[in-house]
C-alpha cells in the first residue's frame, strides 16, 4: 500500500510502532503483505466508540464535581476513611481518556498515511478493560447517585452551545481520514454507507441548535438580579463547618443567610452539628475513646471538651485549606462546638439571617427538641424575621408559638395550599428554569442547594433564582456577571457561521484528497497492468 504524498516512510514507521507494538518498516510491510482487514476496521470502530464513551464520562466527572463533597462525606460515614475522592476520579478519568485519545489519533494518522491498522492485542485488551471500567462507573452513578443525571441535564443548559461548536469541529476534522479511506477502498457499498452515515450525522449537528435551550441566551437588560448567597454550614471552604469562625467567614463573603444544622444535647442544650455522630468533625475518639459517638448522647459539658477545628487542618476537606493564613490556622485549632444561643447572638450582631434543620428527625423526643429550640430562639432577642425555620415536624406548633419566624418548605407548593408558601428550599436538581421563573412571578422565594460551581450558579442566575446555598461563597461573591450571556441574535449568527465554515472545510477536504488520490492511482494502475501482462506471458 503506497504512502500518499507528504507522509514519509519514517513517519509511517513511527506511527505503526506504538499502534501495532511492532517496528514495521515499509520494506517489511511490503514483504509481509500487510493490509487492513475487516477485523482491523472493526477494532478501529470499537476504538472510536470507546473514545466517545470515555469522553462522555469525562464530561460527567467534571459536572459531578459540584456535589462531590457529599460523596466524600458518605464514604467517611461508611468506612471512616477521609479522602478527596474527586482527585482519584479525575486522575483515573484523565488516564483513560488520554490512552484512548492517543490510540485514536494514531489510527487516524495511519489512515491518512495509507498504513495498515494492525492494533496490537495488548491494546485490544486494554480497550475492553477501559470500556468495562467506564460502564461500571456509569452503572454505579445510576444506582447510588441517580440525581446526578438531572445535574447533567442542567449542565447542558450551560454547555450546550459550546458542545455543539466543539462537536461540529471534531466531526469536521474527521472528514480528512474519512475521505482518505473512501477514495482508497474499492467497495462501493461501503463508500455509500459511510458517506450516508457521515452526512446524516453532520446534518443533525447543523440543526442541533434548534433543540438547544439555555436561560443564558437572553438580552443583557433581561438578566435577573444576582442571587443572594446562603452559607452552607457557614463558609466550609475557609473554616471548619458549623463553627463561629465559619459563620464569621461567611459574613465576610457577604452571605445573607447562615445555614446550619441543630441538635440537642442530652441535657437539653441545642448546638450546631450536622452528623449524627461526632467522629468526622471533632476529636471525640481521642477524648472519649470508650463512648459511642452519638451527638445527642453527650451533655453540653462533655461537648465543650471537644476540638471542633483541628480536623479541618488534618483532613483538608477542600483544597482551599492549603491557602489558609497562619492566623486562620491558629484560630481554627481553637474552635469549639457552638451552641444555638451563641450562633443566634453572632447572627444578630452580624445582621444576617439563620436557617437550620433540626436533627435527627426520627428521634423519639423530637417534639421536646422543637420546644427547647424555640425557647432558645425566643430568649435570644434576635428579630424573628431573621430566623428561617426548615423542619417539617410540628410546624403548626412553631407557627403558634413564634408566628414571626419565617417558614421555609422543603417541597414545591401544592395545588390546594391552605396557606400561601412564601419560601421554598430545594435541591437545585428539583426545579426547572421554567418553574423558577413561575415562582419568581408569583413572589415565592426560591433557595436551591448546594451550588458551588460558577457554571451552575450562572444558569440559576439567568433563570431568576432568589438565592443559592453554597460551600464556595468566596468564589460566587466575586462573580459580577454570569460566566456567559448571549443575545439570541448573536447565538444565531455564531450558529450559521460555524455551520458554513464546517461545510466548506468538509468540501475542501474531499476535493483535495480526491486530487491526491488521482495523482497516486495512475502509477498504481500502470503497475497493475504491467504485472497482469507479465503474468499472462508467463502462463502462455
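Every residue gets a Cβ built from N, Cα and C, even glycine.
Range annotated as transmembrane segment by TrEMBL, chosen from 125-143, 144-162: 125-143. Checking TrEMBL for transmembrane segment across the ranges 41-65, 216-240 points to 41-65. Given the ranges 6-28, 190-212, the record in TrEMBL names 190-212 as transmembrane segment. The transmembrane segment annotation in TrEMBL falls on one of the ranges 492-513, 514-535, namely 492-513. Take the transmembrane segment (125-143) and the stretches 41-65, 85-113, 163-183, 190-212, 492-513: counting Cβ pairs under 8 Å, 41-65 has the most.
Taking Cβ pairs closer than 8 Å, the transmembrane segment (492-513) reaches residues 161, 164-165, 168-169, 171-172, 175-176, 179-180, 183, 202, 206, 209, 486 in its own chain, all 6 or more past its ends. Tertiary proximity for the transmembrane segment (190-212) is limited to same-chain residues at least six positions away from its ends with a CB under 8 Å from its CB atoms, namely 156, 160-161, 164, 167-168, 171, 174-175, 178, 181-182, 491, 495, 499, 502-503, 506.
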